[in-house]
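Data block below; observations after.
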Amino acid sequence: MSTTGIPKTLGAIMLGGLFATLLAGMVNLQSVFYFRSYKKDSVQLKLLILAVWFLDNLHTSFIWGGMWYCLIEDYGERDKVDLIPWCIALTIIITALVTFLVHCFFARRIFLLSKKNWFMTLPVLVLTLVRLVAASVSTYEMLHYHSFDLFRVHARWIFTLGLSVSSLVDIFITGSLVHLFRLNRTESGRFNHIIDKLILYGLESGSATCIGTVISMLCWVITPQTLVFLGLHFVIGKLYANSLLVTLNARKNIQHVHVGPTCSCEQQGGPVVFLEPRPQKTSGQYLAGPSHKIPTELQINVQTQQNVQYDETSIASSK
């Protein structure tokens with residue numbers, strides 16, 4: 001790898017690290033928004049977000065540590081371009097841990113939406129575990145060989161396996177969620193706009209992580225002598241963390257789409273009947289004319305309770 005140009009090795013690490021740092025800032029902002037907006041979420045879900053947030057910041061620290069070794073400490077020493085700093089190797093397993101947590105979250109969603117169908121959930125869990133094991137072995141091989149060239153020769157297949165399995169899980173999760181959401185569409189169309197919104201969020205989050213993983217895998221397979229794959233791999237973990245947080249933070253947006261800031265009963269399908277009031281006559285008018293009953297304003301309101309289950313919480317609106 002020492003003969004490979006600097007832009008495709010150190011340049012790829014630098015650009016990947018900078019872009020990953022930008023996405024890490026988004027993870028921090030969304031984490032703050034989550035803890036401020038969803039204080040009633042379960043403790044388990046809050047712990048999941050806290051774990052993802054911690055791992056993501058640790059991942060960013062290791063990226064910058066690797067950039068320091070490659071760009072500052074070993075600056076100008078072309079024979080050290082091939083060396084793998086220990087912190088770069090650890091970014092692989094941390095990315096796998098974040099991916100594992102996010103995949104388990106979506107696997108639980110599939111489990112709940114499919115009415116506890118293990119045939120749809122178990123493949124996701126098994127493949128997610130395979131992905132974690134492959135990344136663990138890849139990290140060990142990087143620390144063992146301490147060289148990109150040796151790692152490419154001896155551990156190319158295991159790293160490729162991890163990326164391909166991760167892409168497969170993304171495709172399976174996205175397809176399963178879209179299928180399950182479509183099954184919940186109603187003929188009346190009353191909640192279809194909410195379901196369409198959920199489908200859109202599922203496609204966007206699933207496609208972003210899948211595309212990033214596939215591109216990184218293609219760069220690894222086609223041009224393994226460069227470090228473009230590694231720069232892209234820095235970004236993958238951030239995409240998974242952001243996809244989880246976007247999914248959870250979108251609940252308020254979906255609730256506003258369903259309820260709206262001011263929503264009349266006609267919009268919710270509740271029947272309302274109003275009779276126009278008539279002016280009341282004085283006692284003299286009643287004595288002078290025929291007897292009339294004082295008209296009464298009639299108002300009928302029908303209250304409906306609508307519940308839309310979304311992950312661990314329920315969005316309820318009463319109109």
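Even glycines carry a Cβ here, placed using N, Cα and C.
Among the features that TrEMBL reports, transmembrane segment is placed at 12-35 (among others).
Marked as transmembrane segment by TrEMBL: 47-71 (among others). Cβ atoms under 8 Å from those of the transmembrane segment (47-71) belong to residues 10, 13-14, 16-17, 20-21, 24, 27-28, 31, 34-35, 81, 85, 87-88, 90-91, 94-95, 97-98, 101-102, 105, 234, 237-238, 241, 244-245, 248 of the same chain, restricted to positions at least 6 beyond its ends.
If you look up TrEMBL, you'll see 83-106 (among others) marked as transmembrane segment.
Summarising the annotation, TrEMBL assigns transmembrane segment to 118-137 (among others). Sequence-distant neighbours of the transmembrane segment (118-137) (same chain, 6+ residues past either end, Cβ-Cβ under 8 Å): 92-93, 95-97, 99-100, 103-104, 106-108, 110-111, 155, 158-159, 161-162, 165-166, 168-169, 172-173, 176.
Among the features that TrEMBL reports, transmembrane segment is placed at 157-178 (among others).
Per TrEMBL, the feature domain 'DUF6534' maps to 167-252.
The transmembrane segment annotation in TrEMBL covers 198-223 (among others).
Through the fold, the transmembrane segment (229-248) approaches residues 12-17, 19-20, 23-24, 26-27, 30-31, 34, 38, 45, 49, 52-53, 55-56, 59, 63, 88, 91-92, 94-95, 98-99, 101-102, 105, 166, 201, 204-206, 208-209, 212-213, 215-217, 219-220, 223, 311 of its own chain, all at least 6 residues removed from its boundaries and within a Cβ separation under 8 Å. Sequence annotations record features per position, and here TrEMBL assigns transmembrane segment to 229-248 (among others).
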Stretch in 12-35, 83-106, 157-178 most in contact with the transmembrane segment (198-223), if contact is a CB pair under 8 A: 157-178
Segment-segment contact (the transmembrane segment (83-106); the transmembrane segment (12-35)) at 3 or more Cβ pairs under 8 Å: no
Long-range Cβ neighbours of the transmembrane segment (157-178) (under 8 Å; 6 or more residues past either end): 96, 99, 103, 106-107, 109-110, 113-114, 120, 123-124, 127-128, 130-131, 134-135, 137-138, 141, 151, 198-199, 202-203, 205-207, 209-210, 213-214, 216-217, 220-221, 236
Residues in the domain 'DUF6534' (167-252) grouped by DSSP into helix, strand and remaining coil: 72 helix, 0 strand, 14 coil
Arithmetic mean of per-residue pLDDT over the domain 'DUF6534' (167-252): 84
